[in-house]
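Structure, as structure tokens:
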Amino acid sequence: MIKDIIKKLTERQDLTKEEMTYLFDNLMEGNLTDAQIGAVLIGLKMKGESVLEIETAARIMKEKAVKVVVKDKSKLVDTCGTGGDRLNTFNVSTISAFVVAGAGGKVAKHGNRSISSKCGSADIMEALGIKIELTAEEVSRQIEEIGLGFMFAPLFHPSMKNVIKQRREIGVRTIFNILGPLSNPADANYQVMGVYDKSLVEPLTKVLQNLGVKKAYVVHGLDGLDEVSITAETYVGEINESDINFYTVKPEDFGLKRAEIFEIQGGDVECNKEIALSILQGKDYSSKTDFVALNSAFALKVIGLVDSIKDGIDLAKETIYNKKGYEVLEKLRNFS
């Protein structure tokens, strides 16, 4: 059957649910050769992955993941993006997670070490003194007790080990770059998902809705950011239960001054750690804090802690300058 699937992909035909299920079951179980893995990943990429293909693959990844049980999901949000924007910004979605938790939300943060940037979410968490190699039970306790838990992707998606080598050897983005944010082990009902290409916003919004997410924002900054941009307009896909809307926003809509890209760029792990500490300790009054507040606001709005993005920015800044986000960081450092 795998040869038939490869043939179909070379003819740029979409796979059926049954074919995609067969393919990903065998892919994740390590039953395909390196050549077959390379062929199907490039075949899907060249054809363009359909909503059904992405949704089916995401369901299989979630089924095979180590589950994190969170009893109260009423304000549980995931802020994981695809990464890969190559603009070298600091870790805004990770810093936003501390802010959202400090403001009263619960964040199931899902991430990995750097692949395309100098500093991934796992790298910055470690640099900040937070233990990332935790069991599912420990992450569940972090979320319940502190409001933020970090799930280090390799530990919660062990079957991914069967494709790591091939993905590195291929060296281009594949379906796996978008599956991470769609396969949160805590199964959060709310999500803010940044994507590296505008063309992904609409299909991934539909995928999230099909996967049962209650409310979500899928965002792409038109400057290339996989975040809500402070330097340009942002294309947004919004899920509100059964409704989907697509629209564009800009920083000025929320009373923020537009920044230049160099103002929000980071560097290596040490540099990004210092930026994170400066913001969370309430010492930064630059566009970097505006950038964090803007992205935090979308998460605060999606879980219903505020009624508008502008109110979310105000709450995020209040949380930052009252050092409530930094308190979350200290609790995670001391977690045992």
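Placed from the backbone N, Cα and C atoms, the Cβ positions cover glycine too.
Annotated features, as they stand in Swiss-Prot:
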- Gly81, 84-85, Thr89, 91-94, 109-117, Ser121: 5-phospho-alpha-D-ribose 1-diphosphate binding site (BINDING)
- Gly81, Asn112: anthranilate 1 binding site (BINDING)
- Ser93, Glu227: Mg(2+) 1 binding site (BINDING)
- Arg167: anthranilate 2 binding site (BINDING)
- Asp226, Glu227: Mg(2+) 2 binding site (BINDING)
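Annotated features, which come from Swiss-Prot, shown on the structure.
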residue : record                                              : contacts (Cβ under 8 Å, 6+ apart)
Gly81   : 5-phospho-alpha-D-ribose 1-diphosphate binding site : Ser93, Pro181, Met193, Gly194, Val195, Asp226, Glu227
Thr89   : 5-phospho-alpha-D-ribose 1-diphosphate binding site : Leu225, Glu227, Ile261, Ile264, Gln265, Gly266, Phe291
His110  : 5-phospho-alpha-D-ribose 1-diphosphate binding site : Asp78, Cys80, Phe150, Met151, Ala153, Phe156, Gly180, Pro181, Ser183, Asn184, Pro185, Ala186
Asn112  : anthranilate 1 binding site                         : Gly120, Ser121, Ala122, Phe152, Ala153, Pro154, Gly180
Arg113  : 5-phospho-alpha-D-ribose 1-diphosphate binding site : Gly120, Ala122, Asp123
Arg167  : anthranilate 2 binding site                         : Leu41, Thr174, Phe176
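Using a 10 Å radius centred on the Cβ of Glu227 (Mg(2+) 1 binding site) and all shown protein chains, the other Cβ atoms total 27. Thr89 (5-phospho-alpha-D-ribose 1-diphosphate binding site) carries a strand DSSP state (E or B). Under the DSSP three-state reduction, Gly81 (5-phospho-alpha-D-ribose 1-diphosphate binding site) is assigned to coil, being neither helix nor strand. Other C-beta atoms found within 10 angstroms of the C-beta of Asp226 (Mg(2+) 2 binding site) number 25, with every protein chain shown included. Counting every protein chain shown, the Cβ of Ser93 (5-phospho-alpha-D-ribose 1-diphosphate binding site) has 26 other Cβ atoms within 10 Å.
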